[in-house]
Amino acid sequence: MDLPINLTSFSLSTPSTLEPNRSLDTEALRTSQSFLSAFRVLVLTLLGFLAAATFTWNLLVLATILRVRTFHRVPHNLVASMAISDVLVAVLVMPLSLVHELSGRRWQLGRRLCQLWIACDVLCCTASIWNVTAIALDRYWSITRHLEYTLRARKRVSNVMILLTWALSAVISLAPLLFGWGETYSELSEECQVSREPSYTVFSTVGAFYLPLCVVLFVYWKIYKAAKFRMGSRKTNSVSPIPEAVEVKDASQHPQMVFTVRHATVTFQTEGDTWREQKEQRAALMVGILIGVFVLCWFPFFVTELISPLCSWDIPALWKSIFLWLGYSNSFFNPLIYTAFNRSYSSAFKVFFSKQQ
């Protein structure tokens with residue numbers, strides 16, 4: 001005989017076994033959300049500090065150049081141009097980009113402000129990149145052609161490079177607005193980004209990054225070759241010490257004359273040459289680090305910026321933000337690298353702060 005099933009006890013026991021699992025899942029979800037919120041706040045705070053530090057450091061460089069008379073000449077005008085572009089990145093670009101991140105990469109500030117932000121972004125970042133290129137070219141010519149590259153020629157060339165830098169940056173940034181070259185704002189999806197038109201993508205990425213990248217890599221290769229040639233020529237102009245004596249006889253004219261040379265060293269290097277070589281080595285090292293940091297900061301962004309529209313490939317929003325802010329950070333590193341390898345700036349900073357007190 002079949003036993004009756006206790007439906008009441010069954011129905012009461014089932015929820016009791018599921019309730020702890022639900023509470024555990026809810027608690028884990030809350031913990032995960034609170035952790036992500038705390039992490040997001042930390043990241044956004046760090047980005048805010050990055051923008052403030054970029055503004056402060058570049059403004060300090062600009063103020064020093066303006067206050068110290070000895071800096072009113074090349075190559076400090078190139079450094080001033082770079083500092084201006086990096087200050088503008090910190091003032092006009094980073095704050096709105098931070099607002100964009102706070103709103104989950106949704107643009108809620110309207111079409112006009114979107115167009116202005118994108119134009120400033122492209123203008124300032126492109127100018128910063130080309131200013132790095134101009135400094136690298138100036139260092140290359142001063143190292144390899146220091147006799148021809150006189151102060152007058154250097155001033156003229158640097159002014160032309162500054163003019164071309166800002167003119168090219170303006171053309172690249174304003175092209176979508178002036179010629180209707182793609183759309184930067186989408187009201188439906190609340191997106192604000194650089195025009196995804198394939199032809200503009202090629203034009204802007206080549207003009208803003210790939211062309212200056214080729215220039216700086218070529219420049220550093222030439223600087224490296226010049227430094228290697230200098231080291232080789234210095235070795236050929238010296239006689240190293242030898243462990244044993246060497247006798248040289250001239251049997252044709254003076255059979256009785258014997259010259260003995262022991263542990264001899266002959267060099268044809270003056271103190272001025274040594275000082276110049278040390279200065280050139282510091283300049284070459286500075287240019288190398290400046291170029292290396294520039295490539296590390298901007299290469300991931302511009303690779304994805306070129307591939308994404310051409311291949312219809314949407315990268316995750318998180319990686320877009322990482323690559324974009326990594327590029328912005330180059331504006332923070334530029335003045336640090338340049339002033340670290342220029343002793344005159346450290347003394348100028350001391351004079352500047354002493355006057356403020």
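Placement of Cβ uses the backbone N, Cα and C atoms for every residue, glycine included.
The feature topological domain 'Extracellular' is assigned by Swiss-Prot to 1-36 (among others), with similarity to another entry given as support.
Annotation comment: Swiss-Prot describes ASN6 (among others) as N-linked glycosylation site.
Here Swiss-Prot flags ASN21 (among others) as N-linked glycosylation site.
The transmembrane segment feature in Swiss-Prot is assigned to 37-63 (among others).
Secondary structure counts, DSSP: the topological domain 'Cytoplasmic' (64-76) has 8 helix, 0 strand, 5 coil. Taken from Swiss-Prot, the feature topological domain 'Cytoplasmic' applies to 64-76 (among others).
Marked as transmembrane segment by Swiss-Prot on the basis of similarity to another entry: 77-103 (among others).
Here the topological domain 'Extracellular' (104-114) has, by DSSP, the following mix of helix, strand and coil residues: 4 helix, 0 strand, 7 coil. Per Swiss-Prot, the feature topological domain 'Extracellular' maps to 104-114 (among others); the stated evidence is similarity to another entry.
CYS192 (disulfide bond) has a Cβ environment of 22 other Cβ atoms inside 10 Å. Feature annotation from Swiss-Prot assigns disulfide bond to CYS114-CYS192; the stated evidence is sequence analysis.
For the transmembrane segment (115-137), same-chain residues at least 6 beyond its ends with a Cβ under 8 Å from one of its own Cβ atoms are 75, 78-79, 81-82, 85-86, 88-89, 92-93, 96-97, 158, 161-162, 164-166, 168-170, 172-174, 176-177, 184-185, 192-194, 204, 207-209, 212, 215-216, 219-220, 287, 290-291, 294, 298, 327-328, 330-331, 334, 338. Look at Swiss-Prot and you will find 115-137 (among others) tagged as transmembrane segment.
Mapped onto three states, the DSSP output places ASP121 (serotonin binding site) in helix. Counting only same-chain residues six or more apart in sequence, the Cβ atoms lying under 8 angstroms from the Cβ of ASP121 (serotonin binding site) belong to VAL93, SER97, SER173, VAL194. Under the heading serotonin binding site, Swiss-Prot lists ASP121.
Among residues of the same chain six or more beyond the topological domain 'Cytoplasmic' (138-155), those with a C-beta under 8 A of the stretch's C-beta atoms are 73-75, 77-78, 161, 219, 222-223, 226-227, 276, 280, 283-284, 286-287. Here Swiss-Prot flags 138-155 (among others) as topological domain 'Cytoplasmic', drawing on similarity to another entry.
Residues annotated as transmembrane segment in Swiss-Prot: 156-176 (among others).
Beyond the ends of the topological domain 'Extracellular' (177-198), by six or more residues, the same chain brings 100, 106-109, 111, 114-115, 117-119, 121-122, 204, 305, 308-310 to within a C-beta distance below 8 angstroms of the stretch. For 177-198 (among others), the entry in Swiss-Prot reads topological domain 'Extracellular', with the evidence type similarity to another entry.
For 199-220 (among others), the entry in Swiss-Prot reads transmembrane segment, with the evidence type similarity to another entry.
Taken from Swiss-Prot, the feature topological domain 'Cytoplasmic' applies to 221-287 (among others), supported by similarity to another entry.
Marked as transmembrane segment by Swiss-Prot: 288-312 (among others).
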Quiz prompt | Stretch-level contact, the transmembrane segment (37-63) and the transmembrane segment (315-339), CB cutoff 8 A, at least 3 pairs | solution = yes
Practice problem: Provide the three-state DSSP residue tally for the topological domain 'Cytoplasmic' (138-155): helix first, then strand, then coil. | Solution: 12 helix, 0 strand, 6 coil
Quiz item: When you scan the chain for residues with a C-beta under 8 Å from the transmembrane segment (77-103), skipping those not six or more beyond its ends, what do you find?
Solution: 44, 47-48, 50-52, 54-55, 58-59, 61-62, 65, 109, 113, 117, 120-121, 123-125, 127-128, 131-132, 134-135, 138, 155, 158-159, 161-162, 165-166, 192, 321, 324-325, 328, 331-332, 334-335, 338
Practice problem: May I ask you to report the DSSP-based helix, strand or coil state of CYS192 (disulfide bond)? | Solution: strand
Quiz item: Across the topological domain 'Extracellular' (104-114), what is the average pLDDT of the model, as a whole number?
Solution: 91
